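Enquirer: This is the structure I want to talk about, given as structure tokens.
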Amino acid sequence: MAPELIQIDLEPRKPAPKPSWLRAKAPMGENYHDLKKLARGMNLHTVCESAQCPNIGECWNHKTATFMLLGNLCTRRCGFCAVPKGRPEPIDFDEPRRVAEAVATLGLNFAVVTSVNRDDDNVGAAQVFAQTIEQIREQKPGCRVEVLIPDFQGNDESLRIVLAAKPEILNHNTETVPRLYRAVRSGARYERTLNLLRRAKEINPAQVTKTGVMVGLGETTEELLHVYRDLARQNVDILTIGQYLRPSKDHAPMTRYYTPEEFLFMKEEAMKMGFRHVESGPLVRSSYHAHEQANSTKQPLVTI
């Protein structure tokens, strides 16, 4: 019998003790410190640090990092996100070169690149993504690239600019169920997210697409399964499902911890819907095991 996922309201309450399956190792090790020093020295930002990712120690010690473009100040105030908010600096068009140099210095064969939202200049933001892909391929031939993009406020030109650079994987996160969008995803729209994922396939049917959903914000089983079906209808290839962890008391409250068995149930249900790969677990984040996810789709390297 499938485990019952219980709906709990969004009222703040004293959090339950963190279960053992959510206790990640403290970040340490030579590779961790080397990557941190490199990012500082090249004036680069990583979402691993800005979003307080629990997997930072594991990933950085394997020389895997998700570089964050367009500065470290986001123009939106999403209730779940730990990335700082504010008025950003002008777009830095030298950033793609520095990210590519870091990728080459680290000897990465798979790079993940994301960004803050830049609602002040969606086309400029897309150009930085495209230039970063191109610079990485120039400075580290053979390196595959995954991009985790914002919704560009539905701007089709921006999406086309990124797709023209032919990333191996195009990721745009759904984050939560439609009912919780207003409280959790400031400035975003559920239908806009579905449209972006659908348009990516319409523009380039061969493009591998990916999206992620958090659980623990007050959603129900039925709502989650409805979202997975919606995403499958957009021909999304890869789905990630992970536990929401509240960054601070100023962020959206977490309603409960999901068990490993519940994550397995969600993976099994989603796989029945036609996804090529589903990564589902308490510590799963968008870029966690991204290289392995890419391999599972059997997607050959895109050449340009």
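Don't overthink the numbers, they just go from 1 along the chain as shown.
Placed from the backbone N, Cα and C atoms, the Cβ positions cover glycine too.
Pasting the relevant annotations from Swiss-Prot:
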type: REGION; residues: 1-21; note: region 'Disordered'
type: BINDING; residues: CYS48, CYS53, CYS59, SER287; note: [4Fe-4S] cluster 1 binding site
type: DOMAIN; residues: 60-276; note: domain 'Radical SAM core'
type: BINDING; residues: CYS74, CYS78, CYS81; note: [4Fe-4S] cluster 2 binding site
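Have a look at these and tell me how they're positioned relative to everything else.
Expert: Residue environment of CYS74 ([4Fe-4S] cluster 2 binding site) contains 24 other Cβ atoms, counted within 10 Å of its Cβ in all protein chains. DSSP assigns CYS74 ([4Fe-4S] cluster 2 binding site) to a strand segment in the three-state reduction.
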Enquirer: Looking only at the domain 'Radical SAM core' (60-276), report the model's average pLDDT.
Expert: 91
